Amino acid sequence: MEKKAKAKRTVSLENYGIKNATVRYQLSPDELHKTTIEKGQGVEASSGALAVNTGEFTGRSPQDRFIVKDKITEDKIWWGNINIPFDGDAFDALYRKVTDYLSNKEIFVRDCYACADENYKMNIRVINEYPWSNLFAYNMFLRPVEEDIKRFEPEWTVVNAPGFRANPDEDGTRQHNFAILNFTKKIALIGGTGYTGEIKKGIFSALNFILPVEKNTLPMHCSANVGKKGDTAIFFGLSGTGKTTLSTDPNRSLIGDDEHGWTSENSVFNFEGGCYAKVINLSRDNEPEIYDAIKKGAILENVILDKDGHVDFADTSITQNTRVSYPIHHIENIKIPSIGKNPKNIFFLTADAFGVIPPISKLTPSQAAYHFISGYTAKVAGTEAGVVEPVPSFSACFGAPFMPLHPSKYAEMLSKKMIDAGVNVWLVNTGWTGGPYGIGKRMELKYTRAMINAVLNGDLGLYNYDDYHIHSVFGVAQPRSCPGVPTSVLSPRATWNDDEAYYTTAFKLTNAFRNNFKKFEAHCSEEIRRGGPQRYAF
Ligand code: ATP
Ligand code: MN
């Protein structure tokens, strides 16, 4: 008997104002991979992964991220240069332009969801101009089972038109690219940029508003994994500090590498279904799990390939922010579903290019709140004219660009949860040792891993006075020894061999901490303020 071909479900985009589109609905990763190559928008690397260039933008554009000011948002959002207001009528007009632009085109549509915990699930429909952006959505969001697709009701919609260019004079944007969130219409409208990270961070920003306001859940810019005994660890940190690298640990099951919610039911869940790793200088020796995740289905962004399709991970001629996205099951040891219990340990990762923060230290609850609100890391300035000076960078809650509410809202929730759950909080400097950027070098990954393992195995208890020493500037508890790490590495001052230079630089950084914290002082208790560095230069 002949098998009846199963009628493939499709969707119409007419209701979205996208007319006469040729809709490619829910294509498989293979089909999207193939289509991208056929259109000349990508090539296959020797690993089997798809390699694309994202175009003009190879990173997010925070100055072009807007939120529509409406009844839902006007009194709640922390408006300013992070959350830039956008007029509702201007949004409608721009939306019409974008949907006109997408009309009569071949359009890639994907139904998926965010939040691995059933109780928090948010259905998303992603509408893409390009097939590889749609593959990104497949990789990064959670993938519904066939049954759920049949009766899928989207809650939020992402409309993604990289080829569309806004006209700032008419459209109310800053320049030709934009990412705008509309909470009334539940739309993330992205145009003029092909950088895929805008798609995932758009939904992240929406959840960072919805979860605390409506669901009493703390959204976090952190990675998470769980040990064999079910002990969850989470890692906060700004871009490049090691969230993805350090959460991908062969001995612990990965929950997620970037965005999580901490519920009032003592659990932590991943928002996403995939990882988005930096690949600059990636090597199989240092990061085998991520290296091996780069295979068919993965998308490499803005890397340089040789004629045989081999990637040169050291080549940053397009950008330093070369990336790969892959569905989480490309990593062997993962937690299914992506949910863990209350964390036992929280790590704040910082890439301190001044090289003065200890590579690992334990924080008191006040220090934890202070450092969370500060959200410190350092940026390494360009090497022009041979001047290399690190620049301190503070981003509240280790993710200010994605946080629509006032940082104190997230900080209060975190403080309360940390105390209720009795978590240990650690500050980890994955940045420089032996001196600042230009003189010292980046902390060896194997040492950072050893320090984190020591914490997770309970080998860095710091219960006895003899086990640690209180850092004279930062006031944090610095362990005197750690299995697998040379003792000298644990004291940043000792690695400098120049006490005067060390303290001068440390004071420079503490002054930056203090200046940054001024704007939060009015919102913070004396206890939190006491969590800051102990000494400043005058
Ligand atoms: P994003 O938020 O942009 O995804 P991230 O916090 O996930 O950033 P990673 O992708 O983990 O950051 O990037 C950390 C980078 O630093 C990697 O390229 C890693 O190889 C490198 N690295 C070098 N030394 C260390 C170290 N000691 N600890 C962690 N990462 C290190
Ligand atoms: Mn990451």
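Using the three backbone atoms N, Cα and C, a Cβ is placed for every residue, glycine included.
According to TrEMBL, the protein carries these features:
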type	residues	note
BINDING	R60, Y195, K201, R323	substrate binding site
BINDING	K201, H221, D258	Mn(2+) binding site
BINDING	K201, H221, G237, L238, S239, G240, T241, G242, K243, T244, T245, E287, R323, T448	ATP binding site
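Recorded features from TrEMBL, shown on the structure.
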residue : record                 : CB count, 10 Å
Y195    : substrate binding site : 25
K201    : substrate binding site : 25
H221    : Mn(2+) binding site    : 25
G237    : ATP binding site       : 26
S239    : ATP binding site       : 21
T241    : ATP binding site       : 25
K243    : ATP binding site       : 29
T245    : ATP binding site       : 24
D258    : Mn(2+) binding site    : 27
R323    : substrate binding site : 24
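The substrate site is defined by R60, Y195, K201, R323, and by the 8 Å test on Cβ atoms against their centroid, the other residues of the chain that qualify are F57, G59, T196, G197, E198, K200, Y276, N321. Among the residues the record lists as binding substrate, namely R60, Y195, K201, R323, the two farthest apart have Cα atoms separated by 15 Å. When the Cα atoms are compared, T241 (ATP binding site) and Y195 (substrate binding site) turn out to be 21 Å apart.
The binding-site residues near S239 (ATP binding site), taking a 10 angstroms Cα-Cα threshold over the set R60, Y195, R323, amount to none. The 6 Å Cβ screen around ligand 2 retains K243, D258 from the binding-site residues K201, K243, T245, D258, ordered by sequence position.
Ligand 1 lies under 6 Å from the Cβ of T241, K243, out of the binding-site residues Y195, T241, K243, R323. A simple way to gauge crowding: the CB of R60 (substrate binding site) has 20 other CB atoms within 10 angstroms, across all the protein chains here. In the three-state DSSP scheme, Y195 (substrate binding site) falls into the coil class. A Cα-Cα distance of 16 Å separates K201 (substrate binding site) from K243 (ATP binding site). Listed binding-site residues near G237 (ATP binding site): H221 (candidates R60, Y195, H221; Cα-Cα distance within 10 Å). Cα-Cα distance from D258 (Mn(2+) binding site) to K243 (ATP binding site): 7 Å (rounded to the nearest whole number).
A straight line from the CA of R323 (substrate binding site) to the CA of T245 (ATP binding site) spans 13 Å.
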